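Participant: One structure, pasted below without further comment.
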Amino acid sequence: MSASILILATCHQVLADFNSYVVPQPHAQRDHRQDISQHYDYLMEENDEPLGRGAAPSKYRSSHGQAQHRPEMTESENFAQPNTESVFSSGGVDSYGETRDFLQFLRRIQYDHRQVPENEKGEATYVEVSVVVSNIRAVSEVTMDYALELFYRESWRDPRLQYDRKLFKNKTELALHESYTNFLWFPDTFVPNAIASKNPQRNSISHRSLLRLDETGKLLYSRRISLVCECTMDLTLFPFDKQLCKLGIESYGYTADHVVYKWSKGARTALELKKIRLPDFTIQEAYVTSQMESYATGNYSRLYVCFVFSRSSGFCFLQLIIPSTAVVITSWVSLWMETETEFQDMISIILAITFLIFSYNEMMPRVSYIKAMDIYLGVCFMIVFLSLIKLALVKYMRQKIMLTSDSGNSLREMSQMSTRQRLRARKTSNMNFRNNGGGSIPINEEHQQMLTVPNGEDKMANGDDKEANNNGKSHLSDMLEIRITQRTMHRFHWISQMLFFFGFVIFCLFYFLIYPNLHIVSVDPACDKNLAEWFADIY
């Protein structure tokens with residue numbers, strides 16, 4: 001027991017000695033950041049929305065995390081206050097010393113990020129824009145929009161940011177951290193025809209931006225953007241159509257008197273396309289234009305990126321054109337079938353092409369004009385329907401021919417029976433004459449009538465046959481006004497089949513070779529090729 005107590009006391013003494021020995025921690029970097037952050041009274045934290053028409057006033061976030069209106073600043077403090085905590089915690093591109101020097105430089109020149117840069121001549125600030133399209137994910141005619149991912153780069157000169165390279169270790173260009181976008185003036189660029197923007201979250205791997213400043217005060221800002229933009233389509237020539245989709249770039253709040261956008265020239269081309277493959281379209285052309293847009297608040301400078309998409313008709317051929325053509329050919333084959341189920345087959349064929357038309361309408365947008373595919377499916381449906389009408393006529397002709405044949409057979413049988421009766425009567429009279437020894441014995445009146453009136457009877461029989469035939473002809477002529485024979489039916493059947501076949505072939509040649517060139521596609525004035533400033537290479 002005493003040994004256990006001694007061991008516990010020894011352990012307690014060792015732990016006490018270890019706690020009393022504290023290794024000093026390197027707090028220099030942390031204290032250095034605290035000193036810099038305490039050097040400023042206010043921390044800037046701007047919203048992502050650019051300053052412009054209808055923009056909310058600038059805000060700063062207090063120590064309690066609540067957004068408050070910025071208090072009035074003295075003249076010496078009227079510049080962009082840096083959020084040093086975000087700068088240093090994220091670890092800028094440059095060293096802490098260079099970052100501190102740039103912050104002191106902004107303080108010394110009393111830089112105000114809310115003020116538009118002013119040139120010496122009082123001209124507007126020119127913003128040079130270049131776009132690199134990395135991917136176009138989808139072009140949808142149902143929702144009439146398209147999705148694309150691009151690298152957007154804009155460059156402008158701010159005379160207030162000119163610096164002496166000696167202040168930054170003789171560097172002619174500074175690579176600034178993306179958090180400096182809160183401290184410098186930026187054009188309030190927006191895309192007028194954008195429906196949605198799927199930008200990645202900040203500080204994520206997919207969200208990166210680039211910010212550079214050279215000694216002349218020229219800024220270069222680049223970032224990755226993902227957009228879904230509307231594209232008004234004309235589907236008159238579907239599936240042989242070409243669609244013109246555009247991407248607008250404009251300042252939201254600054255008129256052309258303050259900010260003018262123009263396409264970049266020189267090392268950074270205005271538009272560049274990576275190797276892009278689309279399932280339903282091919283990019284035929286891509287070019288850029290610029291123009292002025294007038295609003296109630298003034299004139300604004302706008303840039304356009306124009307894409308010309310040519311539809312790949314493979315999907316429509318496999319899903320619509322080939323099945324509808326097969327249905328038409330099947331309707332022709334059923335006309336040559338001599339079965340009682342040919343009408344059921346034709347009804348099934350009509351239901352098949354009707355279902356094909358309904359499924360096509362479900363995948364297309366509701367428009368008020370006729371599309372090229374509507375014409376093709378309509379002609380196929382008309383041919384199948386006319387084939388059904390032709391089948392009914394042929395069946396009617398066949399029944400009439402059978403009725404005519406049956407009536408003729410009955411008349412021939414009646415005439416043959418009367419002829420046999422007359423021959424039998426003649427034979428009986430001759431036998432009676434021989435039995436009388438060839439004398440001139442008068443014969444019975446009945447036999448006399450049968451012997452003396454055979455020619456008249458034959459005439460009457462012939463007259464009855466002619467009358468019956470005339471009655472049959474008049475009855476059929478009342479129905480069809482022509483004499484229907486087996487030859488007539490086969491001739492009608494053959495001629496109609498040839499008309500269907502050659503008519504459909506001529507229609508297909510006209511539809512695929514001539515019709516796509518008859519329609520004149522209207523050109524958007526904003527994407528007039530004659531005004532294009534740059535054409536991108538298509539890979």
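Glycine is no exception: its Cβ is also placed from the backbone N, Cα and C atoms.
Okay, these came from Swiss-Prot:
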- 1-16: signal peptide (SIGNAL)
- 17-314: topological domain 'Extracellular' (TOPO_DOM)
- 76-89: compositional bias 'Polar residues' (COMPBIAS)
- Cys231-Cys245: disulfide bond (DISULFID)
- 315-335: transmembrane segment (TRANSMEM)
- 345-365: transmembrane segment (TRANSMEM)
- 374-394: transmembrane segment (TRANSMEM)
- 395-493: topological domain 'Cytoplasmic' (TOPO_DOM)
- 494-514: transmembrane segment (TRANSMEM)
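Explain the structural surroundings of these features, please.
Facilitator: Taken together, the residues in the topological domain 'Extracellular' (17-314) have a mean pLDDT of 76 on the 0 to 100 scale.
When secondary structure is read from DSSP and collapsed to three states, Cys245 (disulfide bond) falls in the strand class. Here Cys245 (disulfide bond) comes close to Val139, Tyr146, Cys229, Cys231, Cys306, Phe307, Phe309: these same-chain residues lie at least six apart in sequence, with C-beta atoms under 8 angstroms from its C-beta.
Long-range contacts of the transmembrane segment (374-394) within its own chain (CB-CB distance under 8 A, at least 6 residues past either end) are made by residues 320-321, 324-325, 327-328, 331-332, 334-335, 342-343, 346-347, 349-350, 353-354, 356-357, 360, 489, 492-493, 496, 500, 503-504, 507, 511, 515.
Within the chain carrying the transmembrane segment (494-514), a Cβ under 8 angstroms from the stretch's Cβ atoms is held by residues 328, 332, 335, 372, 375-376, 379, 383, 386-387, 390, all 6 or more beyond its ends.
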Participant: State the residues, same chain only, that lie 6 or more residues beyond the ends of the transmembrane segment (345-365) and have a CB under 8 A from a CB inside it; answer 'none' if no residue qualifies.
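Facilitator: Distant Cβ neighbours of the transmembrane segment (345-365) are 141-144, 235, 238, 320, 323-324, 327, 330-331, 334, 337, 371, 373, 377, 380-381, 384-385, 387-388, 391.
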Participant: Give me the count of other Cβ atoms within 10 A of the Cβ belonging to Cys231 (disulfide bond).
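Facilitator: So the Cβ neighbour count for Cys231 (disulfide bond) comes to 20.
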